[in-house]
Amino acid sequence: MADSRDPASDQMKHWKEERAAQKPDVLTTAGGNPVGDKLNIMTVGPRGPLLVQDVVFTDEMAHFDRERIPERVVHAKGAGAFAYFEVTHDITKYCKAKVFEHIGKKTPIAVRFSTVAGESGSADTVRDPRGFAVKFYTEEGIWDLVGNNTPIFFIRDALLFPSFIHSQKRNPQTHLKDPDMMWDFWSLRPESLHQVSFLFSDRGIPDGHRHMNGYGSHTFKLVNGSGEAVYCKFHYKTDQGIKNLSVEDAARLSQEDPDYGLRDLFNAIATGNYPSWTLYIQVMTFQQAQSFPFNPFDLTKIWPHKDYPLIPVGKLVLNRNPVNYFAEVEQIAFDPSNMPPGIEPSPDKMLQGRLFAYPDTHRHRLGPNYLQIPVNCPYRTRVANYQRDGPMCVTDNQGGAPNYYPNSFSAPVEQRQALEHTSRCSGDVGRYNSTDDDNVTQVRAFYTQVLNEEQRRRLCENIAGHLKDAQLFIQKKAVKNFMDVHPDYGNRIQTLLDKYNVEKPKNAIHTFVQDGSHLSAKEKANL
């Protein structure tokens, strides 16, 4: 019934109730001038033409024409909330960052969950990795831990990221999602096997945002107060327990409630059922990194928990919904390069690429002064630097302080204790191909040891159900990769594909050689 709906459905009703004792505000233009009539446009007579002097109309339309800002190129569909992080265990022997300085310390945070490939209006229940980004408002500035709900990723080299995302989005001619593009890229880059296997497992469709884990995914460096450094990975374990959606339920919800994840999160917080996660770290010394059997900075691989156990750190609790979605969720900007002293990047190639890409896309989407937007502002510290001006500078622009450095007028100076950790680096400058690195050992362990028989069956069914729509030559390349992981893995998928291909023979296709010249149409079966 309309009188007993959930908090998200009753948002307008609750807003009115909260203002019950207040008189309605006076309607104004954007310039604050009172408006006498908002329902009828100004004309010459009841049937005459409009007048340019109707500033009520022009003010409204001019703003309406500019309401939309560029959509995020990835992670466009998302839900956000505000929270606090509380330290429960001492890790100061590893990290000097003040966010961890003593047990019981609380830090305000903002969190955004998202899908990756879909547009802003896409469904929350698609099979897709989920973004899990956390913004810590610390007294040493912003710390953005920008991760996913998976501990690994599809690629290990940042140069491939634009092509990878293009392959997951829409065909440039048809504007349709294209299984050929997706599986062609995945099959040509076997390092994607680990993430693809995770994606098509049960965890590929989480039950909303509250029932999934989060991971920093990358390898980071922690530095303690004595200048000693270790490598680190961050993990958020959901306190609500892991829950996933079946393929059938996900398909149903994508039609009945495409905003299922957003609604579920909003209602949980609105009713006081605050979701929480426990933060853990894994630690690896520099000496251990040198003897690690894989590249410890490879984003397509994990650190085994038996060798590098989880160390508890603290608790993240979501306890406030956004007051306004655009102001606090659409405009929030996460940047992996925002790191306070004590937290630094590792040589992880993907992380290194993101250090540039994320702030660059924010400057495009939100403007060069996006850090002045309230939700992005490092409000718990004083920003003092030599950056000035630019579009939409809405502060005092640091007044009359010098805008050059060095200077002789008591302007901001360096803090030597904030110097980065010194590390040794050597090698020949070059472009190093990592395609043939071990891409199967950890995937084999995932398939044979992590998954049970029923989970393996569903994994193979999910992969075959998606791969069947790709051309046969792409199917063959993909199956070969799965065979390399384990014969059972590849054989199961091939058996399912054989059935699909008999039921739905492939139609004629057109292919193009690399330089774009046209080839004659061929049957897919002959490729």
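Just so you know, glycine gets a Cβ as well, placed from its N, Cα and C.
What you see is a predicted model, and the numbers here were worked out from it, not measured in a lab.
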Site-mate of His194, Ser201, Arg203, Lys237, Trp303, His305, Lys306 for NADP(+) in Swiss-Prot, selected among Asn213, Asn295: Asn213
Of the residue ranges 1-32, 385-416, the one that Swiss-Prot records as region 'Disordered': 1-32
Per Swiss-Prot, the range holding motif 'Microbody targeting signal', considering 260-263, 284-287, 296-299, 524-527: 524-527
By Cα-Cα distance, the member of recorded positions His75, Asn148, Tyr358 nearest Lys480 (N6-succinyllysine): Asn148
Neighbour count (Cβ, 10 Å) for His75 (active site): 21
Inter-residue Cα distance where the pair is Asn148 (active site) and Lys233 (N6-acetyllysine), in Å: 13
Cβ contacts under 8 Å made by the compositional bias 'Basic and acidic residues' (1-22) with residues that lie 6+ beyond its boundaries: 263, 266-267, 270-271
Proximal but sequence-remote residues of the same chain as Lys221 (N6-succinyllysine) (Cβ under 8 Å, at least 6 apart): Ala229, Val230, Tyr231, Cys232, Ile343, Glu344, Pro345, Ser346, His421, Ser423
Cα separation, His75 (active site) to Lys13 (N6-succinyllysine) (Å, whole number): 31
